[in-house]
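Data block below; observations after.
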């Protein structure tokens, strides 16, 4: 996982890989009987094949009992199972304790938790990875699309009109032959975009009613321009990934407001840049600034998503990520989503011309990112563990006379908290070494131009000498392993591999974004 959605407030989903969990021997012999827990099938090596044979569509969660994300998912998973059961759906849900059922975990390549896979028509060799949201509605919709037709057949103008007017946003594929490759690609897109109703039409009268002469995918919406057409290229056909992205982009309003209801849409569109207008909606003068903001948005559709953030409302959750306060509104920021680099005008100007000029300059690489930095503590340099901030990082980490070992952490990170004592002991052990510096930096309050942090804790070693080298530490997070790494010049000495009596089921990982600054976090 990466912090690609780092300014997003609510936790959307996540997975855990941390911990050394040993498979437990089962005390009792298991049969192939299919037991249930909260309406979810409890699966293991002995009944897995039977479950596949008896259920045409089976979504299986591979979990670990200690996994915080799995624990949070459990109620929603059970609710989804109940909803599907009440609908008499052929779709069923099951779960596997991957730390106990190691053979199944190995067979399906389970390396993180929770992992959800769909098994269709008893096919054990090619399960489908779950791509929906990790909540009850997301699971139900995802399974419904696979249990029934992914697109509703529209037979005549009356049914089409009713379908199109039924929701704020619908997609209709008009195909002269529903067996064509283009139509099949459309069905595939419909299966993934479960939050939008899809319809499909073949009748000649519907082509005439909607003024179409060739195969076309139409997006009908009750906002902005009302309808967007995507004609099917007769030679190229429909590309699933391309159509999905186009529909996601044009399903968004030209200017979005950041709320709990829209956050999934905003980040699901995967638009590479976000232009944010921070304002206080209680101020009529600030609300009027939306006109210029909107006027600039059209030219950048698909490249830059324009979002209004209310500093006194839901947007208050993300202010610290940008280093701003409600008193700073109105103000503008542009975020490059792949690395969370933030850009700001030298002086905020809210005309459409000024906004467009600024965005284009950023896209052309003519604007340097705006980097956050906390103020350094007065005694930062005298502590056993040096406390770095954005403005002091460069001079310390890239000091050619020092070997610098830095912990990049987040205050809320449980993994960081767990290793805090070992890191302090490491600082005490090496505080009198002239050429070794042990340091830490709160990466939620400080940013560096040439160093990107994608998870917490991140441990990096900056060796002495020219070249601005940087080495990632990937060993166990304990005092003796840290010491071996330092004494060996920034490398862990090779040791003969240990042969465990019982196979381990998971590997170490980094804890990630917190509520208010990221999409997910690992929590033991």
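Here the Cβ of each residue, glycine as well, is placed from N, Cα and C on the backbone.
Within the model, the domain 'Thioredoxin' (3-148) shows a mean pLDDT value of 85, rounded to a whole number. Annotated domain 'Thioredoxin' per TrEMBL: 3-148 (among others), in sequence order.
Taken from TrEMBL, the feature disulfide bond applies to 67-70 (among others). If you draw a 10 Å sphere around the CB of residue 70 (disulfide bond), it holds 22 other CB atoms from the protein chains shown.
According to TrEMBL, the domain 'Thioredoxin' annotation covers 348-491 (among others).
TrEMBL lists 413-416 (among others) with the feature disulfide bond.
The region 'Disordered' annotation in TrEMBL covers 486-524.
Residues or ranges marked as compositional bias 'Polar residues' by TrEMBL: 503-515.
Separation of the C-alpha atoms of residue 416 (disulfide bond) and residue 70 (disulfide bond): 21 Å, rounded to the nearest whole number.
Per-class residue totals from DSSP over the domain 'Thioredoxin' (348-491), listed helix then strand then coil: 46 helix, 25 strand, 73 coil. Straight-line distance linking the Cα atoms of residue 413 (disulfide bond) and residue 67 (disulfide bond), rounded to a whole number, equals 15 Å. Residue counts of the domain 'Thioredoxin' (3-148) by helix, strand and coil are 44 helix, 32 strand, 70 coil (DSSP-based).
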